[in-house]
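Here's what TrEMBL has on this protein:
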{"type": "DOMAIN", "residues": "C:243-272", "note": "domain '4Fe-4S ferredoxin-type'"}
{"type": "DOMAIN", "residues": "C:291-327", "note": "domain '4Fe-4S ferredoxin-type'"}
{"type": "DOMAIN", "residues": "C:591-620", "note": "domain '4Fe-4S ferredoxin-type'"}
{"type": "DOMAIN", "residues": "C:622-651", "note": "domain '4Fe-4S ferredoxin-type'"}
Amino acid sequence: MSETYEPVIVGFLCNWCSYRAADLAGTARIKYAPNMRAIRVMCSGRVDPQFVMKALREGADGVMIAGCHPGECHYVNGNIKAMRRFYLLRKMLTQLGVEEERVQLIWASASEGILLAEKVDQMTEALRALGPLNWDEKVVNRSNGYKAAEVAPVLEEA
Amino acid sequence: MTKNEKPKLAMYWSSSCGGCEVSVLNIHEKILTVDEVFDIAFFPCIADFKTKDVEAYPDGHITVCLWNGAIRNSENEEMAHLLRKKSTFMVAFGSCAYEGCIPALSNLTSKEATFNTVYKDNPTIDNPEGIIPLTSVQVPEGELTIPEFYNTVKSLDQVVDVDYYLPGCPPEPEQIWAVLQVIVGALLEGAPLPPKGSIVGASNVAVCEGCEREKSEKAIDRFYRPYEIVPEPDVCLLEQGLVCMGLATRGGCGALCPSVGIGCRGCYGPMPGVEDQGAKMLSAIASVISAGHESMEEAELEERIQTVVDTIADPAGTFYRFSMAHSLLQRAKVNGSNGKGEAA
Amino acid sequence: MTEKSNSENKERVGVYVCHCGTNISKVVDVEEVARWAGEQPNVEVARDYKFMCSSLGQELIEQDIKEKGLTRVVCASCSPHMHEKTFRTACERAGLNPFLFEMTNIREHDSWITDDKVAATAKAKSLVRGSIDRVIHHEPLEQIPVEINPNTLVVGGGIAGITSALELADAGYHVYLVEREPSIGGHMAQLDKTFPTLDCSACILTPKMVDVAQHDNITLLTWSEVEKVDGYLGNFSVTVRKKARYVNEEHCTGCGICIEKCPFKEVDEVFEAGMGTRKVIYRPFPQAVPKYPVIDKENCVYFKTGKCKACEKFCPTEPNSIEFDQEDEILQIDVGNIILATGYDLFDSKRIPQYGYGKLDNVFTGLEFERMVNAAGPTDGKIVLRDKESTPKSVGIVHCVGSRDENYHKYCSKVCCMYSLKFAHLVHERIPDAEIYDFYIDMRTPGKGYEEFYNRLLEEGTHFIRGKVAEVTDAARIPEEEGKLIIQVEDTLIGKQRRIPVDMVILSSAMEARAGSKEVSQLFKMGCDFDGFFTERHPKLDPVATMTDGILIAGACQGPKDVPESVSQGAAAAARVAGLISRGTVMMEPVRASIDQEACSGCKICNNMCPFNAIIFHEDRKVSEVITALCQGCGTCVAACPSGVITGAHFTNDQLFAQIEGVLWDMSAEKASA
């Protein structure tokens with residue numbers, strides 16, 4: 001790894017609150033770490049834990065899931081489901097040796113551009129302290145997801 | 001294979017328990033048909049063959065090789081390459097070959113830690129000098145070598161090209177028989193074979209489809225370990241707080257475990273299109289935790305959800321019991337190091 | 001191991017990188033991003049351009065779609081919330097399904113947040129690559145047409161709700177107006193005069209209330225509350241509880257004899273703000289609409305002891321209008337749109353103990369004072385101290401009680417300066433020789449005729465003291481302070497602490513969100529902010545719409561507002577609804593979930609995931625299905641489905657996995673070197 005390590009965060013931002021918060025941070029010209037690469041989802045409830053695993057496997061140093069504050073979800077309670085998954089995921093990721101700082105769940109309403117910017121800055125610093133994750137170097141190739149073929153008996157009973 | 005020659009069958013046992021071999025024999029008298037149709041080319045469990053016999057075969061000589069077991073050490077890997085070369089069809093037979101299975105749970109720890117447990121720290125071990133296996137030892141008679149024990153357990157398709165996958169721990173005898181029939185049909189009568197890479201002997205719908213238990217909308221306020229409760233006989237086990245992987249697991253087994261009151265363990269692997277069975281199961285099960293409501297303050301929400309989450313003792317071991325090697329992360333990062341053992 | 005064959009199904013992607021004048025290009029090397037994008041897999045053409053959203057920029061895309069046969073388009077420019085629609089439409093004009101387009105945000109999320117050109121350019125590349133990899137997996141989608149039910153529900157019968165209801169009814173559309181109090185009118189009905197013109201509030205409001213009652217197109221449901229809301233834009237099904245009035249509305253003539261004869265009085269905490277009393281069977285105020293009284297069951301002696309029935313005895317109608325056995329009615333209403341105009345609560349001044357409200361008799365809230373100066377109020381319009389006799393010789397008016405205060409509400413309540421000035425004027429008018437002190441932090445009078453009103457008050461001789469009041473106390477330090485209320489304040493214009501003794505203190509309390517506004521926002525499935533005010537779709541450009549299609553907001557439920565603003569919003573919301581109704585159908589985003597019926601195992605994980613009850617279970621086939629029209633596209637069920645058989649259109653697993661790989665294109669040694 002080069003000396004100037006810049007952590008890379010994949011951010012899953014919900015369409016209604018946190019993505020707009022990030023838009024607002026930009027519109028307000030708030031300067032913060034350009035280390036988060038945002039992916040828009042309609043709701044934090046859409047974030048499948050597989051996405052988190054995928055991002056870590058593909059080389060992200062951290063993953064941020066950002067949604068509307070509890071009680072403010074555009075879809076009433078998608079963020080509560082995100083929260084339930086996140087807590088269990090965090091427990092499992094601990095078993096897999098992934099430090100807690102690397103996967104974070106935050107809330108930012110559409111008006112909280114500053115808060116979102118601060119959270120990205122804080123997470124970037126935390127990851128800088130932890131160092132790179134480099135998961136892609138740890139895993140071997142694999143293939144998966146095949147469709148089962150129809151299995152039809154063709155042999156007569158002997 | 002010339003016209004009058006019988007097709008050749010091989011079955012190899014690498015890192016696994018041997019249940020798969022027993023399962024093949026469990027097709028009962030149909031084993032006679034297998035014997036009638038095939039010549040056994042290599043089957044160390046039931047007949048005496050040596051590696052050098054296989055090495056002597058021309059490439060592709062073995063028609064079908066049923067490979068059972070994960071890739072735990074260098075010998076497993078060498079044999080996988082050898083049998084791949086000598087076989088026309090390489091079948092990953094059973095969960096270990098398909099996705100790592102129980103052996104791959106050791107990917108949650110390191111080779112070093114595994115050795116410590118097995119050779120040093122176990123209460124029944126008397127090993128005052130702390131001797132652990134070495135790949136090479138000099139003795140008066142010369143050098144003794146044993147295969148290298150890998151840090152990371154792999155599935156068969158992570159080391160060689162695989163034609164078909166037959167999931168299950170072990171695969172169900174009916175499914176084995178059905179698959180053998182397809183292969184034999186193709187060989188003898190020119191029937192079409194499933195496309196390469198297919199999962200055979202399994203369904204495209206999850207285990208729940210075949211489970212007779214009554215299912216309702218789920219709202220779980222705590223989870224139980226199997227010894228903690230006696231489940232109601234006819235109600236979905238998950239709804240009773242017992243972790244049942246049936247909903248995230250490919251069917252084909254006939255929902256055997258849930259039908260006798262044991263939650264599905266997930267041995268048929270993920271559903272088609274699912275990249276990571278453990279993560280998907282985690283998502284589903286966490287989604288139906290009933291604790292927490294949008295009107296609560298965040299701190300209360302956190303506490304309530306955490307309390308339920310705490311009742312799942314070992315999420316990684318539970319959700320990845322069979323699919324660790326095939327999961328997205330594949331192994332744990334251990335002791336702050338990158339856990340990278342052998343060359344990937 | 002599984003190499004995708006690109007030769008057969010290769011998509012032809014066009015990538016367009018916008019300079020946005022210099023908004024993007026001064027930080028991101030847009031030429032380099034475009035050059036690099038041209039080398040990425042599946043990319044047919046990549047260009048940079050000064051303004052992609054200009055008509056010339058859009059034509060560039062259209063031309064390439066036609067001439068180069070592009071099958072996918074990526075535009076790296078601003079936020080999709082800004083121009084996604086623009087570019088989708090451009091694609092559509094050129095014959096490409098608009099959903100085969102993907103937007104990359106390299107302005108709000110990149111060039112505007114950093115000055116580091118190298119990092120910004122690298123980030124832009126990652127985001128663009130994410131979009132390229134994602135768009136390959138896009139599928140053509142069609143928008144979903146939804147029919148609009150022409151009936152509208154208006155919740156809240158204050159001036160905003162009344163305006164909405166009348167505008168729509170006058171336009172020929174049917175309106176259900178639901179009000180939880182026994183009469184419509186809201187806060188405005190409690191006011192005496194309205195600033196700055198000093199119109200009599202009742203005089204301008206009452207005719208509108210009567211219009212509502214008499215309008216053929218309005219079904220008025222007072223003493224009613226919304227209990228449940230199902231459905232979606234165009235097709236809401238609303239459950240309303242019409243509380244028992246114990247008065248038959250068909251027989252009652254509103255003569256008021258029952259009220260007269262009722263032997264029991266209660267303090268009226270609602271309409272009279274605790275300043276007056278009302279009977280147990282009552283109308284909140286004489287001009288109440290509807291005119292029918294309501295029995296306060298909690299305090300009715302008949303309901304408590306089984307004796308009395310005075311109202312029934314004296315009711316002159318035939319048959320008798322009093323119905324003690326009346327029960328709550330549950331009504332089911334089908335509407336296409338809902339306008340929420342639920343108003344505000346007044347800040348409870350007791351929360352600021354140092355201002356003495358509740359402890360010091362002669363500290364009044366603004367609303368108490370409103371009732372006092374109202375000719376129809378408890379004191380017949382006389383300004384008197386709490387003893388109901390003494391006329392105050394000096395009055396202190398305190399601004400910003402609960403507003404502009406870190407401890408209570410940070411926001412400015414907007415109307416308090418003006419109504420404080422109005423109070424000052426009314427005191428001058430009624431007690432010409434009284435000394436009036438007005439304590440303000442900043443005098444905020446933007447509005448037609450507002451500043452002029454302030455100037456008028458300056459001329460009337462009000463003493464304006466700039467400073468936040470620290471304390472109101474009765475602890476005298478000098479003889480002149482004996483028996484007075486002393487207002488302790490730092491006069492920031494002269495830089496001195498002052499103690500000003502007065503007879504009466506009026507607290508200009510903040511407007512705050514209704515208690516329970518959070519529950520209301522959940523009931524209607526839309527958002528409210530931290531203060532509890534409902535969140536508009538866009539703070540400037542879309543102030544009456546919410547994030548939920550078909551739910552609109554008007555008046556003070558959205559934030560502090562005066563009467564003219566509430567009226568404007570009420571009318572604006574009505575215009576919005578009328579536009580939708582006249583169109584008949586609207587097109588909805590096809591971002592919807594669907595379940596593969598062949599592969600569903602019927603595990604029932606998803607069925608209670610949906611807050612809109614869009615997932616049903618077929619008992620016969622033992623599989624679940626998403627009702628497309630009810631689905632709002634959040635994707636929570638997609639993430640929950642353990643079998644992976646629920647697809648979220650336009651946010652599929654394939655698309656998101658590809659995007660994850662794309663944005664991390666440079667993170668793997670193997671990938672970067674390839």
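Note that Cβ sites are derived from N, Cα and C of the backbone, with glycine treated the same way.
Break the domain '4Fe-4S ferredoxin-type' (C:622-651) down by DSSP state and the numbers are 5 helix, 7 strand, 18 coil. For the domain '4Fe-4S ferredoxin-type' (C:291-327), the DSSP-based tally of helix, strand and coil residues reads 10 helix, 3 strand, 24 coil.
Listed as Cβ neighbours of the domain '4Fe-4S ferredoxin-type' (C:291-327) (distance under 8 Å, sequence separation of 6 or more from its ends, same chain) are residues 182, 223, 244-249, 251-264, 266, 280-283.
Residue counts for the domain '4Fe-4S ferredoxin-type' (C:243-272) under DSSP, helix first, then strand, then coil, are 5 helix, 5 strand, 20 coil.
Per-residue pLDDT, averaged along the domain '4Fe-4S ferredoxin-type' (C:291-327), amounts to 94 for this model. Note: the domain '4Fe-4S ferredoxin-type' (C:591-620) comprises 3 helix, 7 strand, 20 coil (DSSP; helix = H, G, I, strand = E, B).
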